[in-house]
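Here's the structure we're looking at; comments come further down.
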Amino acid sequence: MERSTARPYRGRGRGRGGGNPSSASYVPRPRAPSSAAPQLRKPVFTTVDHLRPQTHGHTLTALVLSARTILDNPPPRARLAECLVGDQTGTVLFTARNQQVDLVKPGTTVIFRNAKIDMFKGTMRLAVDKWGRIEVTEPASFQVKEDNNVSLVEYELVDVAEED
């Protein structure tokens, strides 16, 4: 019997199946009923004194103490405001962009959902991007601790050399 020099068909790609394509089997994944809503987790609220540089996913309730417009261009352009917000543990500067400027007026209480901490000139700024949300809520029942402004702390990026 003479051996063929042609290579046998091994299938396409790098998958595990290999061999004849007609021997592959498909197992359907069970689907969840369409009426079942996804399970949502309850938000874990944090406080201003627990905020750290370059972190994200924060949910906190704060009172807007002051708002200062930085940039106010006509509607198709960007608007920017810097707001001092705080809770019972301290205050932080919040950078409001575009429609957020209308929500953060002095004296209002807001809930920041999925907020992040950006660094600006070595200091922390609270920000909410397109994945986050700002909601105006009922007036706060707490007294703001204005003497602990975490945005006044200056951070420095330091390279740590690994020792072998």
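Even glycines carry a Cβ here, placed using N, Cα and C.
All annotation found in TrEMBL is predicted automatically rather than curated by experts.
Annotated features, as they stand in TrEMBL:
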COMPBIAS  21-38  compositional bias 'Low complexity'
DOMAIN    51-136  domain 'Single-stranded DNA binding protein Ssb-like OB fold'
REGION    1-40  region 'Disordered'
*Take every residue in the domain 'Single-stranded DNA binding protein Ssb-like OB fold' (51-136), average their pLDDT values, and give the whole-number result.*
91
*Going by DSSP, how much of the domain 'Single-stranded DNA binding protein Ssb-like OB fold' (51-136) is helix, how much is strand and how much is coil, in residues?*
4 helix, 55 strand, 27 coil
